[in-house]
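This report refers to the structure that appears directly beneath it.
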Amino acid sequence: MPPPPGPTAALGTALLLLLLASESSHTVLLRAREAAQFLRPRQRRAYQVFEEAKQGHLERECVEEVCSKEEAREVFENDPETDYFYPRYQECMRKYGRPEDKNPNFATCVKNLPDQCTPNPCDKKGTQLCQDLMGNFFCLCKDGWGGRLCDKDVNECSQKNGGCSQVCHNKPGSFQCACHSGFSLQSDNKSCQDIDECTDSDTCGDARCKNLPGSYSCLCDKGYTYSSKEKTCQDVDECQQDRCEQTCVNSPGSYTCHCNGRGGLKLSPDMDTCEDILPCVPFSMAKSVKSLYLGRMFSGTPVIRLRFKRLQPTRLLAEFDFRTFDPEGVLFFAGGRSDSTWIVLGLRAGRLELQLRYNGVGRITSSGPTINHGMWQTISVEELDRNLVIKVNKDAVMKIAVAGGLFQLERGLYHLNLTVGGIPFKESDLVQPINPRLDGCMRSWNWLNGEDSAIQETVKANTKMQCFSVTERGSFFPGNGFAFYSLNYTRTSLDVGTETTWEVEVVARIRPATDTGVLMALVGDKDVVLLSVALVDYHSTKKLKKQLVVLAVENVALALMEIKVCDSQEHTVTVSLRDGEATLEVDGTKGQSEVSTAQLQERLDLLKTRLQGSVLTFVGGLPDVQVTSTPVTAFYRGCMTLEVNGKTLDLDTASYKHSDITSHSCPPVEHVTA
């Protein structure tokens with residue numbers, strides 16, 4: 001075996017080879033991580049020239065002939081590689097024979113022993129390259145891999161979420177950023193941006209679309225709920241949720257609670273429960289036990305009936321104090337049968353009128369001042385010899401010659417019937433018809449020298465027979481009844497053939513005691529409320545407590561106007577309806593329309609059609625209708641006078657009037673002292 005080259009020669013050869021290699025090699029740039037792996041503080045074979053030299057020595061020393069461990073040490077020039085090589089070298093000889101056997105597998109086995117990357121111990125999937133070291137090796141890992149053999153996945157997501165703004169998914173040797181639902185991954189593959197789903201008009205269908213971070217919401221108006229299946233807003237039937245204490249009516253997007261107004265109830269501030277309708281203005285309701293109210297019986301029948309019997313001929317003497325604002329009615333009747341002899345003292349146009357019939361011959365006389373001014377005055381009727389004398393405040397206003405006396409002889413006794421506040425027979429039997437109903441008050445009466453003391457005891461025991469101590473002009477509605485008329489609101493114009501025109505003009509002068517109640521209404525067949533004007537203390541659609549006057553056709557409010565109900569003052573409510581027009585005014589201020597022009601015309605057309613049928617005009621309340629048929633069903637409480645189509649309504653001429661309603665007198669507001 002030739003001697004190995006000396007150290008100086010070997011070093012020179014190595015430097016020359018290194019020089020040649022540096023001239024001919026291409027520049028190689030490694031990433032920082034790869035470079036760092038190469039610069040580990042361990043001895044490495046950095047240059048290929050040393051490997052080639054080592055292989056030459058190895059072939060000469062250990063392949064062509066058997067080498068000892070010391071000779072192998074001279075080849076590798078270090079202990080680690082020698083210690084690694086020599087036991088494996090001996091294993092190659094055991095498996096393939098000695099060098100002199102010339103087995104090619106032996107040569108291959110020996111030549112591969114110094115290269116510790118053959119076979120490659122590094123994980124193939126995670127290794128970029130294997131670096132042979134002195135008795136060792138180094139696995140240069142690909143990005144995302146670690147460990148000695150590059151077989152350990154690096155979890156990039158464990159450090160700052162891998163740089164992902166939302167979701168980091170670790171994968172073998174890698175990772176991937178992802179976004180939550182409703183976000184999209186941007187071009188940097190790390191950032192996420194919200195997706196605006198509302199840019200697609202079909203996202204929510206009929207509902208409003210509101211974009212949210214990573215999502216969206218389909219919104220409906222209050223009272224509606226969104227159906228994701230049909231992509232529409234569907235009405236919520238709140239009435240199925242038992243929200244109302246009494247009656248509930250569902251409507252698109254809302255609901256309305258109703259209370260039994262005729263039972264004295266209205267909606268509470270929560271708009272769901274009911275509460276009592278209580279007066280907010282106190283009226284002076286005190287009555288006098290020494291007074292007799294003449295208007296208690298709407299039928300026109302007398303409130304008092306007396307029958308006198310005498311053994312001797314007797315003359316009539318009647319005296320009383322009287323007070324009224326009523327222009328017409330009967331004070332009292334005295335006499336016998338309708339076809340015999342009698343007198344009726346009444347009022348017509350505010351003046352005293354005497355109708356009399358003696359022996360079948362009737363007469364009428366009227367004289368004296370107007371006395372329906374609401375002040376007390378003393379009236380007397382005295383039967384003298386062949387004369388009747390009528391006085392007002394002791395002044396004679398009438399003196400009528402008569403033939404005979406009012407007491408009639410019958411079965412040996414002289415009889416006289418006397419009735420107060422009405423007549424004992426039909427109006428048609430009068431000399432001239434008169435409305436017998438009289439809203440008047442009588443006191444200090446004296447019939448035939450006081451032989452009627454029982455009347456006073458009867459009046460004391462019955463407050464309905466008593467008068468208010470103080471009254472003013474107007475009609476008083478106590479809140480528990482109504483009146484109605486049969487009025488016509490249509491007419492056929494001769495100028496345009498048979499075309500039917502209609503008009504409803506209402507002027508109501510009111511001084512309310514409560515904030516809820518029907519002022520007037522038109523009611524058709526089957527108790528359908530065609531039109532109503534009423535006080536109400538809430539706005540039904542806005543569900544807001546507010547004192548209002550409402551004009552409605554059936555259950556649809558056409559107009560609303562605010563009113564100070566509880567200020568103790570008189571207010572004027574004006575309503576005008578005709579083709580194409582519906583207005584509501586309170587104290588000269590026009591109300592706000594609640595419907596569109598098309599909706600208004602639709603309601604007016606319906607009203608016009610209904611007015612051509614049977615219609616009753618109700619004042620102060622309604623019959624027993626459904627609470628849902630009109631905005632208000634409660635009775636009105638307070639003072640009111642009413643004009644309809646230019647004519648003042650006289651409650652004495654109504655088709656019906658509740659007996660507690662006073663036609664021409666109203667108690668004043670009670671002034672409460674602090």
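Backbone N, Cα and C define each Cβ position, glycine as well.
These numbers come from a predicted model, not from an experiment.
Look at Swiss-Prot and you will find C62-C67, C122-C139, C157-C168, C164-C177, C198-C209, C204-C218, C239-C248, C244-C257, C259-C274, C280-C566, C441-C467, C639-C666 (among others) tagged as disulfide bond, backed by similarity to another entry. According to Swiss-Prot, the domain 'Laminin G-like 1' annotation covers 295-467, on the basis of sequence analysis. What Swiss-Prot lists as domain 'Laminin G-like 2' is 474-666, and the listing cites sequence analysis. What Swiss-Prot lists as phosphoserine is S68, S614. What Swiss-Prot records for 1-27 is signal peptide, and it gives sequence analysis as the kind of evidence.
Annotated pair C198 (disulfide bond) and C666 (disulfide bond), C-alpha to C-alpha distance, rounded: 66 Å. Under the three-state DSSP scheme, C164 (disulfide bond) falls in the coil class.
Here the Cα atom of S614 (phosphoserine) is found 107 Å from that of C122 (disulfide bond). Scoring each of the disulfide-bonded residues (C168, C244, C467, C666) by how many neighbouring Cβ atoms lie within 10 Å, the top position goes to C467. Predicted-model confidence for the domain 'Laminin G-like 1' (295-467) is 92, expressed as mean pLDDT. Taking CA atoms as the reference points, C259 (disulfide bond) and C441 (disulfide bond) are 38 Å apart. Between the disulfide-bonded residues C198, C209, C274, C441, C441 has the most other Cβ atoms inside 10 Å of its own Cβ, all protein chains included. Classification of C157 (disulfide bond) by DSSP places it within a helix. Using a 10 Å Cα-Cα cut-off from C177 (disulfide bond), none of the recorded positions among C67, S68, C122, C566 qualify.
Using a 10 Å Cα-Cα cut-off from C157 (disulfide bond), the disulfide-bonded residues that qualify among C164, C244, C257, C639 are C164. Listed disulfide-bonded residues: C139, C177, C218, C280. The one with the lowest count of other Cβ atoms within 10 Å of its Cβ is C280. Between the C-alpha atoms of C122 (disulfide bond) and C62 (disulfide bond), the distance comes to 28 Å. Here the disulfide-bonded residues are C62, C204, C248, and the one whose Cβ sees the fewest other Cβ atoms within 10 Å is C248. In this structure the alpha carbons, written CA, of C244 (disulfide bond) and C62 (disulfide bond) are 108 Å apart. S68 (phosphoserine) has C62 nearby among the disulfide-bonded residues C62, C164, C204, C209, C218, C248, counting only those with a Cα within 10 angstroms of its own Cα.
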